[in-house]
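Visitor: Pasting a structure below so you can have a look.
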Amino acid sequence: MMSQSLMAYNNYFEELQITSCGVIDLGNFSGRTRSAVSVREGQGVVLMCSPPPHSPEIIYSWVFNEFPSFVAEDSRRFISQKTGNLYISKVQSSDVGSYICLVKNTVTNARVLSPPTPLTLRNDGVMGEYEPKIEVHFPFTVTAAKGTTVKMECFALGNPVPTITWMKVNGYIPSKARLRKSQAVLEIPNVQLDDAGLYECRAENSRGKNSFRGQLQVYTYPHWVEKLNDTQLDSGSLLRWECKAIGKPRPTYRWLKNGVPLLPQNRIEMVNGLLMIHNVNQSDAGMYQCLAENKYGVIYASAELKILASAPTFALNQLKKTIIVTKGQEVIIECKPQGSPKPTISWKKGEKAVRENKRIAILPDGSLRILNASKSDEGKYVCQGENVFGSAEIIASVSVKEPTRIELTPKRTELTVGESIVLNCKAIHDASLDVTFYWTLKGQPIDFEKEGGHFESIRAQASSADLMIRNILLMHAGRYGCRVQTTADSVSDEAELLVRGPPGPPGVVIVEEITESTATLSWSPAADNHSPISSYNLQARSPFSLGWQTVKTIPETITGDMESAMAVDLNPWVEYEFRVVATNPIGTGDPSTPSRMIRTNEAVPKTAPTNVSGRSGRRHELVIAWEPVSEEFQNGEGFGYIVAFRPNGTRGWKEKMVTSSEASKFIYRDESVPPLTPFEVKVGVYNNKGDGPFSQIVVICSAEGEPSAAPTDVKATSVSVSEILVAWKHIKESLGRPQGFEVGYRKDMEQEDAAETVKTRGNESSVILTGLEGNTLYHFTVRAYNGAGYGPPSSEVSATTKKSPPSQAPSNLRWEQQGSQLFLGWEPVRPLANESEVMGYKVFYRQEGHSNSQVIETQKPQAAVPLPDAGVYIIEVRAYSEGGDGTASSQIRVPSYSGGKITSAQSTLHTLSPSSSSVTWLLALMIPSTSW
């Protein structure tokens, strides 16, 4: 029996579908009790759903015993979405129970449940094995629209459970196809015409097999490939309309006029999509439709037919014309009246009809053509257009003039780059015609505004024009055209300018052969630009040269008719690029494109090191230095140095190899060598090809050693809050002479290895250390140094930097001005415990707009400040101490006038309210005192 929860769920479904917008798109199952289905174990069974009336958008599922326990589909159980039935190919004891068919509307989500169908097992034995029996299959003919998804079902009963397979007869199942529900459903998405064909499903088990075949037919709705267009026709013309559509099955066509079917008549023919109406008239005007249809749909194409009927008319610009030509020209007088039916054309000259002959003809479009015009052809011509509705005419006047002639001079000229020329163009023409001149170069109009001022058009007379070409360039060579345009004709002439200039660049440079010091080159000739090439020049560039350099060649002079030469005196083992420059009597042209980079062959080095000398070193060392040989002169790989030396006056040389090509120093150490022992020294070179030359022999001495004595009488004196002066003395030594001194210093609590250093050079005996911290104890040592190293340090001395200046600024500034003098006072500054005592005060004053201040020093908190000039003075006060100047007071701005009296209440900035003591002070300030 159905449980209480399942009954409530079904009641809810019933309410849901009844209230769905009042539309019954899913009815209710019959309430009649369904009979039990009893089968043997191993037998197949079909449970019928028998769904109620419904819309197409539904899906089926089955509830087993109690909601929400749904039947799971697999190779043994299948629910057809076509019939709603549940198929079990081989019943098992676990299948016994109550089955309920659930139908769901996918649009409204309404659901209904069938009465339960009990499934029981018979007790008269187990069903034996049997071959498959196909219970569910797709129709013999499946039709589907192109682009839709096709689902074909196939399921069989049998024992053992059958296996379902699919195939396409005489073809392959599309790769996009998918098998669903244990292969019981073949799904083909986006079906196309080539997916159509005969499909087979096959059910098979160990007892046998069975199959079913059905045809998939894919159809397409009609689709236009050619539509109609609105058309206007003259009365009496032929209408020919054709519409074309494609579809499967092939569409058929029908025609409508103004919504009414159009039938064939005497003048009307219809063949498939072709409509022809002969000799149209006003009754044929209207809206036409072409219908293309097959069994799956119909499409429409519409167009309007208008029948024109009007008397002839001419456009306003054709009504009266004046045509001016020159003798011998062709004359075309157009006559194109508008009208329907098409007007007939007739021509008259004056009052007489025009007679056609070899020179005079009426063209198919109605125009009149006159060949080889002469004076006799002048006059008025009338064209008349006429049809059944009326007539119209136009008048054209023809005037025949003498032909225009042109003279362009000079005709051919040779110029050199930088020269100028004037081309004169003269027109001989009919006096009644205006002329216009146009200039071209190489067939293109000259743009006088964009040619950099090289071209200027000069019109001195009505019948002539000049073209001025200034500072001519090679690019200005070519054919210059002058065209004279009148209202009757156009004539032109050309002149040629040849421009001589420096040669163009030679062609591609090819390196034919390379050695250690030569390169054989070839090139293609340069354009001579109308002046014969006199010579070529070879240039080379390497990583070591300053740009391109002319190289020596064989032959020494390369004449203009040569196309190859040898570059000589090149450096071995250097990468070179080569280019060629041509010269003619006009000048030297642009260089060729550089050749590819190529390296000369290796050779024994030929350049010895220079500036061989000695250097400072440690005791018992001989330090030999030299200027390294540039890579340009190393001549090959494996470059190095041979250092040879011997004590002065001895015979045998001691030689050492230095393999680094960049080396510039060699140190020879021998404990037996006393300081300042003279040696003869020379440095040679080598590479993989062999040994090169040695330098000149020089005499140098062994090192004298580092300083041996410590500085004496070292003193440290505090100078300011951040500076200490360190001074010392040094005993002169015969050996280990110092090159300078190093002062080391550190704070009292710092380790010795944290000390900072400052170096001096030469014989300086003191240094001021800056950037120190105020009121801090420092310890100092001094030691001498030279190229060999450092000497011993001096004894340590100490000094403390001075305390910082007062941080408090002078405050409560008060003043009174008397004439050109200001009497200024302030509160005394009291330093903090860690600050320097106040030694006095500095008053800084300057006129506004000036950058330099003047300073008055005083030991008291008051001062008299002179204000000699009219204007505004800016004043500030600082306390000073042995630690330096303290913080500045706030600035005050005081105006100075030529006389008068200004009080602080009127002019001061940052003024405190005066107390009784300050008032007394101000009164005292007004009495002159020698203390100021």
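Including glycine, each Cβ sits where the backbone N, Cα and C put it.
Sharing the features that TrEMBL gives for it:
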COMPBIAS  795-812  compositional bias 'Polar residues'
DOMAIN    14-114  domain 'Ig-like'
DOMAIN    132-217  domain 'Ig-like'
DOMAIN    222-306  domain 'Ig-like'
DOMAIN    312-399  domain 'Ig-like'
DOMAIN    403-492  domain 'Ig-like'
DOMAIN    505-603  domain 'Fibronectin type-III'
DOMAIN    608-705  domain 'Fibronectin type-III'
DOMAIN    710-804  domain 'Fibronectin type-III'
DOMAIN    809-899  domain 'Fibronectin type-III'
REGION    791-812  region 'Disordered'
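Are these features on the surface or tucked inside, and what touches them?
Guide: Residues of the domain 'Ig-like' (14-114) grouped by DSSP class, helix first, strand second and coil last, total 8 helix, 36 strand, 57 coil.
The residues of the domain 'Ig-like' (312-399), classed with DSSP into helix (H, G, I), strand (E, B) and coil, number 6 helix, 48 strand, 34 coil.
In the predicted model, the domain 'Ig-like' (403-492) shows an average pLDDT of 90.
In terms of DSSP helix, strand and coil, the domain 'Fibronectin type-III' (505-603) has 0 helix, 40 strand, 59 coil.
Using DSSP to sort the residues of the domain 'Fibronectin type-III' (608-705) gives these counts of helix, strand and coil: 3 helix, 49 strand, 46 coil.
The helix, strand and coil residue counts that DSSP assigns across the domain 'Fibronectin type-III' (710-804) are 3 helix, 48 strand, 44 coil.
Proximity of distant same-chain residues to the region 'Disordered' (791-812), defined by a Cβ-Cβ separation under 8 Å and at least 6 residues beyond the stretch ends, is recorded for 706-712, 714-724, 726, 728, 736, 738, 744, 748, 772-785, 826-827, 829-832, 834-836, 838, 841, 861, 877-890, 911-912, 918.
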Visitor: Under 8 angstroms, Cβ to Cβ: which one of 14-114, 403-492, 608-705 has the largest number of such pairs with the domain 'Ig-like' (132-217)?
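Guide: By Cβ pairs under 8 Å, 14-114 leads among 14-114, 403-492, 608-705.
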Visitor: Tell me, please, if the domain 'Ig-like' (403-492) and the domain 'Ig-like' (222-306) are in contact, taking contact as 3+ Cβ pairs under 8 Å between residues separated by 6 or more positions?
Guide: no
